[in-house]
Structure formats: structure tokens, C-alpha cells
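The repeat 'WD' feature in TrEMBL is assigned to 107-148, 149-191, 360-402. TrEMBL lists 449-462 with the feature compositional bias 'Polar residues'. Taken from TrEMBL, the feature region 'Disordered' applies to 449-470.
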Amino acid sequence: MEMEGSNKHQSFFQDIKSRELHGFRVKKRPYISIESSEVDQIGAVAVEHNGNTPLPMAISFCKTNKNSHILAVADEDGYVSLYNTRLKFPSSFTHQQNAEKAKMLEWVAHENAIFDVCWIKDDTNILTASGDQCIKVWDAQENQCIRTLMGHIGSVKSICPHPTNQDVIVSGSRDGSFSLWDLRSSCSSSSQKFYTPSIAAVHKAHISPHQRRVKGGKASSMSITSVLYLKDEISIATAGAVDSVIKFWDTRNLKSPVLQACPHPDVSSYEEMRLHGVSSLSQDLNGVFIAASCMDSRIYLYNVLQPEKGPVNTFTGCQINSFFVKSAISPDAAHVLSGSSDGNAYIWQVNKPLADPIILKSHDVEVTAVDWCPSETGKVATASDDFTVRFWNIQSSCYSNTRSPSSIRRRVMALSSMERRKLFTDEKQPASIKNDSDVCHSNIACTENMPSSTKTPEISTPKSKKKHLQDFEVEENLEKTPEAAIKSPSSVLNPPSSLKRTIRDYFLMTSSGMHCQ
């Protein structure tokens, strides 16, 4: 094939050599360059219903490319409202006028505050977690409740779907437990066919025997503030209000966490720790990093391959004075966005944690929930106690070609000089290309630029910390949900033995499954 442009007349082997020297050029998602970026406020909408102005509590952009501009806002009065963030918001409009223009749909989802909201199943369903101690599954088109998940005895603070099978959900509650649910199962009673019980629950997941009492004799908080279903489809990360420890659980054996992570892993005892709760957890699209907002006004970034070694980065500058202040790592893991009690929102560059963050200034009081638009790069939303939700855009002219920290890229290595000559001269028998497997193992090295790490240790609880672990109260209701066991090809609590075992195996299998090109 004739190539255009005189500067492109180079041999096949020159092209291969160029790839060897400069790396295999793959299409990369651009991300924001902090140094030169400018932030524009696209618009702001007032959260208001029939003259009432409730506080926005949780926000979530749709996950599919087609609908990613739609933002769900859940509030203190139990409403869910859907807004179109692609509209033009004239500067002359009030926040109330913007809301009337952008609002697509709203309904009363709970008779209590909604603390978390999440889109599932290609944006056809919405999950809501409420202070009424239940989770509801909504048909987003018809705004009808199709399932109610009941079992917690405290406000449900956080929900997260399974990364591939979104009939499976994990939730965390103020009652100190986290629970697993399967939407395909339902209550055996015909009168309660829309009610779904949990298939397993772990109680007192974040309460230490050393921290049962605080000054004044009051019991310390054991609330679960955030839960994540990790990308290996088996592991769950949880955090709570009692301390800054993140616990990692294997859903096949929930008797105790398999790993723990905290900001100061070298501290040997609770007595030496300054206890600060975690307000939120988030993970990037590839599942490489977990960002944890801590009540010491820091955001800690952990590598999921070695979380027990402590955070790889720490971000400071915001004020986290309440558990309502959340943070979110961007889908490409290039940036961290956080609310703040000082009325601003902050954006840090992951690769430069010590650089000054971008400050989003416009809200009047504490900024709480935040979210990244998954498809429109640079668009974010922030919610505040000033009864508004604001949309921001970081100028596309500031995008950088620098690869994001969590991207997985293959490098194609060139053939040796002798092999190139042999291949070039011997057209009848290209002996150097024996078969695909030989080439992949000898001539062409397929590697991944994963986050920097040394030797990956075996996943186990460090001996020094085993004495601090306790037997957690685990309830498994599998006998009540035969539908879950029958219909689920990869049952949460009893997956086939062929499946990868841990989050680390997930990345190793991703590596071995990539073909040379």
C-alpha cells in the first residue's frame, strides 16, 4: 500500500525499530494538565421541590457514553432528580431557572434522606441508599421502584455494584455492617415479592476491641461510611467512621479481612494512632488505585496491589470537617477531585501530589458530593450545602498527551538485527516467525506499564496484625435465596475454582491474557 507523505517512506523494520525505541503508540485518553488549565463553571442548578430547598446529598453521572451528560441528584428530602448537563446555562438565568430548564425528571424515592445514588445496567436502573434503612432499585425510565433491599438496622450510607454482574450489590450501613445482595432473588412470601433479603452480612466490620469505648464512656462509632466492589469481582473494600483503616474482604470467606491498609502502616498499635474516620472511597476505571478521604483533611491514594504498604500519594489543601465531604478519583486515575468544608472544591494531579491543586470557587458553604463525567473528559459536578449543584469544565486546550497513571500499555520490542536480516532475505521460509507463541516469548516482549511496584508479596494478613483481628459476625442467607445460587454463573460466595483468587490475580491474569501485536 502506498503511504502518503515523503517522510513516511520508511521500511517495515525501521518502523518496528522506532516502536522499540519510543514505545508502542496506542490511543490514549487525554487528561488535564494542571499547570496551564483553566476551569469554567458551565452552570448551576438549585435543588428545590415545591418551594422547599433540601440539601443535595449524593450525585452520580450516567455510566454509558450516550447518557453520560445526565446527572442524578439525591437529596435530604428523599427526592431523585435527573438533570441534562449539556444545556447552555445563560448567565442571566437564576439557579432556579436553570433547574427548571435542565431538569428531566424527578420523583420521591424515599421518605428520608438519600445518602448514596448509583446507576446500573447501562443506566436503565438507579440504586438509592437511604436513612430509612433500605436500598431501592428504580426503573430510571418509568421512575418506578422494582426492588426494595431490606435488612440493615441503620441508615444505609454507601452502595456499590459488582463490576460485571450488576445484579450483585454491596452496601454499608451506620449499623456497622456491610451486606451483599442479589437482585435476582426475592422474598419467598408472595405478599413481599418485591422485597429482597441480603445473601450475606458482616456485622461490626469496623470496630476494634481496643476502641470499644472512648472518653466519657460512650461507645465509639462503628458506622460503615463507604464500600467498593473491586475489579477482581471477588474483593470488597470497606471503610468506616471509627478510624482510617481500609479493610479488604474476600467474598468467599467473610470471617475476617484478608488485608488492611492505613495511612501509617509502620505504627504497631492503636494506642499510637491518631484516629480519623474515612468519609469516602473511590476507585478508577481500571481499579488500580483507591482514593480515601480522611477526617484529618487528607486524601490518601493506595495501590490495590500493595495496599498494606500504605498510601503511594497524599493530597492536602482541602478541609474535611464532616463525613458528608466526599472525594472521587477520575476514571483515568489522573486526578483526584474533592469537596471541602471551606466552600471550595479541589483537583489534584495524581502524578504531582505536592503541586498546588486547582480550586473550584463558587459555592458559598461546604462542598459535599462530587463526581466525574465518565465520557466527557474534564466535566465534573459538585454539590453543596448552599442548595446548589454546579457543573464545571476544564478547558480542552489544556489536555495533555501524557499517559494516565493507571493506563495499561503494551510495548512491542523489535527483532534483533540478525533476525531482521534473515527475515528480509529469506522470503520463502520466514524461519524466525515459527509460531505465535514462540515469537511472543522470545522475539517480541509484551510488557505492561503498570503502577510502579516491587515484588508482589503473597496476599495474607501480616503476622504482626493477626492478633488484632477478631472473628466478625457473619450471616449467610444462601439457603433463603436458591434463585441466586442457581442463576448466578459466578455466585458471589461460591465462585468456580477456576476464577482468579484476589485483586492481584486480576492484574496478573489481565497481563497474561494480552496478546502481542
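Note that Cβ sites are derived from N, Cα and C of the backbone, with glycine treated the same way.
Counting residues 6+ beyond its ends, the repeat 'WD' (360-402) has Cβ neighbours under 8 Å at 28-33, 36-48, 53-65, 68-69, 71, 73, 83, 85, 89, 95, 285, 321-322, 324-328, 330-331, 337-347, 351 in the same chain. The helix, strand and coil residue counts that DSSP assigns across the repeat 'WD' (149-191) are 2 helix, 19 strand, 22 coil. Counted with DSSP, the repeat 'WD' (107-148) comes out as 0 helix, 26 strand, 16 coil.
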